[in-house]
Every structure is written in structure tokens, then in C-alpha cells.
Amino acid sequence: MKRASLCLAAALASVCFSRASAGQLSPELLAKLSAHENKPVSVIVRFRFDKNDQGRALFKSLRQQLKQSRAQLGKASGFVDSSMQNGGTELWLYQSIALKLTPLQALTLSSLPIVDEVFENFKVKIPKVQALDTGSLGEASSENPNFDPLQMIGADATRAVGLRGQGVRIGHLDTGVDIFHPELQGKVVAFAEFGPAGKRISSKPHDSAQHGTHTAGLLVGNTLGAAPDAKLISALVLPGGEGTFAQVIAGMQWVLDPDNNADTDDGANVVSLSLGVPSSQDQQAFVLPVQNMLRAGVVPVFAIGNYGPDPQTTASPGNIPNVIGVGAVDQSGSVAPFSSRGPAIWTGAYSGSFIKPDVVAPGVGIRSSFPGKGYGVLSGTSQAAPLVAGAVAVMLGAKPGSSVDDIKQALYSSASNNGQKNNDSGYGLINLPAALAKLGVSVAAPPKAQAPVVGPNGYIFCVPEGQRCTFSGEKQVAFGAAGRYLSGLTSDGFNCTVAEWGSDPVPGAAKACFVQEAKP
């Protein structure tokens, strides 16, 4: 971004530059200069960018270009290097550095040809949900105890046939995560926490609020997640629900390349993000890092915001044209009142009016994991986005090598609005089995429940493998003639896909699971 000629009088008269040769200084920093404020403030200095590499090779070229840009700072490198040594951070994904400068130093940097813009390190937070009529929307689990968001998007069917996100890594940027929760044990392969300037903080995995553990459960939870076999790379960038732009970008580049080595393939294949800023000048800042994510072949799935029901209420980065922006529907499939509506009006990096959101998913009265082995119900596009990101992980696991465009086309063309898009629900409610079919992956319908068959010695068994049998009362499962039991079955049935199979009690009943009523 450029600006017209700017010359400040008195002490600032020596720093004067033109649109053709210099970057832009944010209005907030200009105001501090005009007020003669000279206390250091946290700023982002973005350098000019010209890299168009694709795939993971982009990460290496971005780091190299940032190093080259810093070498062209001339005399300004003195105070820049000093500040960088005192808590500054390189944000290579955004071709920038985060550091503390006085307004006058910021002005000096913005006058250099290599610098594109200088602005304050602004706040980013999880949007609050507006008050809901839980009677009509079923926000609380007690309103509709049988509601299953996985069933609503077809993820129950994909889980039943073994399409569970195997081999896929999901980037998770949030308030942290409780890795010891029963839903999430063994699911988080990397964790990092970042400070306000984007500097990594040494800490053990934890959740600073409830939000991160809740969204993680919807991604990969054993019973709650759309992609229970995918793995999480989790970055704590919103301590207590609020962070900074530098924190988010530092976390974003880390989940893409956790070991800081572009030659190793250890980064996220899809990124789930449930945060944002409303339409403002700040929303432009997310464009470049998201564009670089797309160039690297990583699928961005971001919440659209909780600022509805009025039009033009979308939040960045979910409203960036090329990302999958996710809105929320209630348990009946109606768009939730709080879900942000389009269009998204863009100038600068993009220009024009864009229909948003792109798709919707369940986001009202969603039960998921809470820190400390508990469970809780939350509502928001924050809950809808991880369900879609989990669905994307299942698609990538089922059809490795699918491009970002492949995923988006399959997801959009199979959603409930039959290829038509609007500013309330986008292309509509996602349908994971139908999206997989667009990729050439068939999802057989799960077998219907059948009445149990009583075999020899009072055993009850069901076939084929994977069949669900429903019984009443307390039950136990026996594996073969040895009579080994697995207790703790619930009264609503048992999935016959178990770790061990017994011998055939009846000819032709291969791979049967045996269920026997518990003895008093």
C-alpha cells in the first residue's frame, strides 16, 4: 500500500518521502507523531514481497527474502537490530518483523524503499456470541439431547467406514489445548505458545481458557471429532481469548513448518482458525500470510465471525475471498442469528464485493471437550469452522494429493444449496459423503440396525463386521470360547468393530461379535 507525499514539520522535517519510493505509516502512528508522543510501541514492519514459489519451497524463499530485506535497512539497522534482540520476531510468512519502536523510528523505516508499511501490532480476539433464544435454537444439550453435529454433516457415516482423517495434520490456532482430555490423548503431535510480539514462550501444553480444547474436540476427538484419526499441531496464540496480530502470524507460520526446516514435511495440511477482526483497515493484514498459505498448498478453514444477522458483518481472515469461510446453522439447519453475513467488501489486495460465507456447519448448542476431562456446550462460528476443517482432513486423508482447489470445488458443489451461493449460508450446509464422492471416493451407507440373533449357549451376535446391534439393559461382550469380557457397554448398543474376534458359533457367521447379558 502506498500513500501521497508526507512531510512533518519541526523535528520531523528531515523525514519526507513520496508515494513512489516509500511505504505507508498507519494513521495511528501518524497520530502519535502529531501529538509528539515518543514512547516505544509494538509495531509490524512489512517489507516488499515478490516471491511466487509454490509448495513448501516457498517457506525457504520467504525466509531468504526477509533476511535480504533486513540487510537493506542501512543506518536504520542499528536501532532495528537492537530492538530485535530485545524481544523482536521475524514473521517470514508475512515478510515482516515485529518489534518495539518509537513513532519517529517507525516513520524513519517507512521512508525506506524496501519497506511497504508500518503499523501497530493490533489486537485479535475470539468474537463473543450474541444472546440466544435457547428455546427456539436448542443451545443447551438438554434442549435436544439426541442432536449429533457429526450426523448433520455426514461425518458419522465416514467414521463408520474408516474414513477418519488418517495421515493428515491439522493446524489449530486457539487458546491452547488440554492434551490429557480423554477425547484428545495422543492426538496433539506438537504444541507451542507465543507471546504478544510473536516470540515463542517455553511452556507445557495447556489451555488458557475453554475455547481451544472445545474446538480441538470437534476436530479430532475420539467420539466428537469429524477426523478422529488426524493429528493436531496446536499453537496457543489467544491467551484467555485475546492476542495480537504478531501472535497469530507467528503461530500460523509455526504450524506450517514446526521444525523451521522447509525440507521436512511436518507441517499442517489444513488450518482451522476461529478468530478474526471485523471489517476494518486491519483486515488487510491477513491477506498476504493467507495467500502464502494457499501457495504452499495448505487449506485454510476460518470462522466467518459472530457479528450477524446484518449484512456486511464478516470478519477477516474468514472473509478473504480465497479461503473457506464458515458460517453457523442451528440444529434445524437455519442460519444462526449471530452468524456473520456477506457480502464482504474489499479494496486494496482484492477489490469488489464477494459473497460470504462459503459454507455453513452446525454451530449452535455444540457439545465438545472442556479442560479437565469435562464436556460443555458452546455456540458460534468457532464451533462450525473446526467441523468443516475436520471434514477437509477426512477428504485429504481419503484422497491424498488433492489440491486446495480440488477440496473447495468438491465441498462447495456438494453442499445443500446445489451449487448456488448466497450471503447467508454460502453454498450451504456441507455434506461430507457427497464431497468425497466428488473426489471419486465412495462412502457406503452404514449398515442398518438389525434385531439380534440368539446363537448357541445364549450368545447374541451380529454380522457382518461393523454392524451395530441395539440391546436393552446392562451388557458385557465375550470374545470367543475363552469368555474374556469387555464391560462398560451403554444401554443404547455396541459397535461391533472391536479389537478381537471370536470363533464362529454358527456356520457362516464369520467375524461376529458376541454379546451376552451380564450376570447379576
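Placed from the backbone N, Cα and C atoms, the Cβ positions cover glycine too.
Copied over from TrEMBL, here are the features:
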SIGNAL    1-22  signal peptide
DOMAIN    165-428  domain 'Peptidase S8/S53'
ACT_SITE  Asp174  active site, charge relay system
ACT_SITE  His211  active site, charge relay system
ACT_SITE  Ser382  active site, charge relay system
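Around Ser382 (active site, charge relay system), the C-beta neighbours below 8 angstroms that are at least 6 residues distant in the chain are Ile126, Pro127, His211, His214, Thr215, Ser274, Leu275, Ala303, Asn306, Gly363.
Taking a C-beta cut-off of under 8 angstroms and a sequence separation of 6 or more, Asp174 (active site, charge relay system) has the following same-chain neighbours: His211, Gly212, Thr215, Ala216, Ser234, Ala235, Leu236, Val237, Leu238, Ser274, Leu275. If you take every residue in the domain 'Peptidase S8/S53' (165-428) and average the pLDDT, you get 96. Secondary structure from DSSP puts Ser382 (active site, charge relay system) in a helix. With a 10 A radius on its CB, His211 (active site, charge relay system) counts 25 other CB atoms from all the protein chains. The DSSP secondary structure for Asp174 (active site, charge relay system) is strand.
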